[in-house]
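Novice: Structure provided below as structure tokens; questions to follow.
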Amino acid sequence: MDKCKENCISGLKTTVPPGDGPKRVPVTQHFPAQHLPSANSGQAQRVLCPSNSSQRLPSHTQKLVSSHKPVQNLKQKQSQATSGPRPVSRPLSNTQQSEQPQPAAPGNNPEKEAASKQKNEESKKRQWALEDFEIGRPLGKGKFGNVYLAREKQSKFILALKVLFKTQLEKAGVEHQLRREVEIQSHLRHPNILRLYGYFHDATRVYLILEYAPLGAVYRELQKLSKFDEQRTATYITELANALSYCHSKRVIHRDIKPENLLLGSAGELKIADFGWSVHAPSSRRTTLCGTLDYLPPEMIEGRMHDEKVDLWSLGVLCYEFLVGKPPFEANTYQETYKRISRVEFTFPDFVPEGARDLISRLLKHNPSHRPTLKEVLEHPWITANSKPASSHKKESTSKQP
């Protein structure tokens, strides 16, 4: 790899999980370490996060674990949410953490400043490396790399390690997309958003340290069951609407909501797992065409300006697919799908309840300004009548594991 390309990827500064990452939950479950495959290896099956295709292919999920019991208990710390980037460093050792600075009198304290400077320099040196992790079984495979079950050696913290090959990222020209995904996802703190604890890289690969979602992908569940019932659909839509509301409050537009990008936590709660097409939208509207065609709104496929209302459209498409088993505008060709989306042409099967029809019809409006707000979605009568807490469907979700 020439030096120019290496620097292009190395633009990702090495960072590490914050305090609620790999050091909190000791897990004694043991699994044998495996060797990572080469860039051309066909091992593993699906990759967890990168949005690398506009096709409706099962390319972004984690496989389910064989045990019905979750192997970790990741507690979200929503209070740590920040509106901008904040560097994170590897947790200090117990000895270092116990050394608290002594109170100093007002004014300059040369000794304290020197100690603080030394501490900062030491912190910068503590960077993650592959040797810090025990690598377990593959969880998935994708276009740019693989995802593995992993354990941080010191804390025994279970996580998912996403391995992306630099040569493949460069060849596809998506280095900037990866940087954007990391920048956005690493600063989001919400129970329905998969945590990105940190990242690091070596000469050939980029590694993302991710929260592990034991119950796998929503897409896999949907394939297995064909469609979801009203309660499960309304619950997922509620959780997703809450997560999107949080994203929008941080001026983040997701733009690629679909079953392949949604995972299930240990309690069966939904988690957005892929921010490859997401963007910060401080003030401007976007005109880039991205995401999956079945879920794209008219304003995006027509190349018009768009804003956070694109996520409301995707929410309507998702609600329809959960209840029916396929997207509302699905057709044999891209051209036909494009045409149906532009004209908002879709029909409901007889078994779709009236309340759900009303919500979906409100969300799938050609004019973005006519779509409801996320608050109105959460207050919709069909949602409030059918949605239930995530903890109440934990047993239902775990009982369906193979």
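Cβ coordinates are placed from backbone N, Cα and C, and glycine is handled just like the others.
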Novice: Which residue range, 140-153, 168-181, 280-293, is the one Swiss-Prot calls region 'Activation segment'?
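Specialist: Comparing 140-153, 168-181, 280-293 with Swiss-Prot, region 'Activation segment' matches 280-293.
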Novice: Between Leu210 (ATP binding site) and Asp256 (active site, proton acceptor), what is the CA-CA distance rounded to a whole number of Å?
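Specialist: So the Cα of Asp256 (active site, proton acceptor) lies 19 Å away from that of Leu210 (ATP binding site).
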Novice: Looking only at the domain 'Protein kinase' (133-383), what is the model's average confidence as pLDDT?
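Specialist: Result for the domain 'Protein kinase' (133-383): average pLDDT 88.
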